[in-house]
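Some notes on the structure that comes next.
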């Protein structure tokens, strides 16, 4: 164990020294300093007394509305019958209790907001009295979490201090709604577009951590006889709320100590937002960017003596090429929190990206997919090339150029799946949600069919939007099209007419090939005498049958 820890430390120090040498010798960044300062002026929020007054008054009005909710108010599934039905929860009734705590979190807490997204996260601690010790089972927690929000929303709507109260979701996760509160319109002159986002949290003591182990099954509807499939995504969804406040405090601390770190966060947000394939639910968020920067400064990979653009370059290079991603990023832990090799292996077997908080019980990056990581590292590598090779230090290319699906990929496909009941025939929410499972299915079909023709395949379904009537159920979360982006590996491979499959005597693989291609597969004899399965290739074949 000690050898492994020392190895990680050596990796970090070696990596940091190599970056410091590059920064010292790199004059390409100098012309960018002035432009970066102007960019920060454009995207940094003015934390004026008027803004603080707006935030304080809005939060105060929210607290007053919540105080009007009577204790012991009976809350039942009738408040959100469609949602309760679709997530398959049982035993969801409870008596309302006032929140255990209400506190401001997110980027506002350390002045890290990047315009135009001007919002404040309000972390509402749900009281223990609303839960039973086994509410981690069968979506009971998710149901009560939403019913608690429904109760708050009802009382907020009765207040004249808010122009609109609506639902959104946490990182596109339909089973985890959040509340969006817009102040009265006359208040918005100070910060146009400003809103408060209520995020429910719970304390880590509410549920047994061992019961939420990644190997455990906590959705009994998934049981198949004696087979109990693990529910790591479901368990992580609950653990996220249990450690939300602790993680937020851990992330906030280094930003309060460094102005340059806050500026770096804003630069990375601007860079990521310009790139639609990576600023999405299964890749980066503003919160995850802050987590990564916190890791880098806590492990001395960046330091307070660097300027914002220097930190930006080190961070981007770390994202693009650090070997630590293969092992997982583990924040420095206290002497009582040791993660064994077996636990680390378990994380890596289950998740493409692992970022563990000091508790060692939760992977902060559990939503990041393998394709999301690949795209992120590719975009980071291209940003480095721009910083080194492009004129004016690559400022325009890195910060000002919009990279959407049409710009990024050689082929783009939009799938309109509205009303396709078969998508959720097995249920909306299993271990993962049906929309995420369908993303994986489409990605798998394309990967198997395109083989080496494709360099990157990206499948993304931003299926949740603010304003949905989540109380009525989850079937409305198919309004947006599913997007597919394909980057070809080479022109020669892309326009290859025939794909050669397994040899005829390889019965098992040949059967798999025929099952996949169906009637489009045929057995051929080639010029070299080889007899193999093959198929004439048209890309539309892949998606027409699926």
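Cβ atoms here come from the backbone N, Cα and C positions, even for glycine.
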Pick from 236-256, 257-277, 278-298, 299-319: which range has transmembrane segment per TrEMBL?
278-298
For the domain 'Nrap protein' (120-253), residues assigned helix / strand / coil by DSSP:
54 helix, 35 strand, 45 coil
If you average pLDDT over the domain 'Nrap protein' (120-253), what do you get?
93
Which residue counts does DSSP yield for the domain 'Nrap protein' (406-535) in the helix, strand and coil classes, in that order?
48 helix, 37 strand, 45 coil
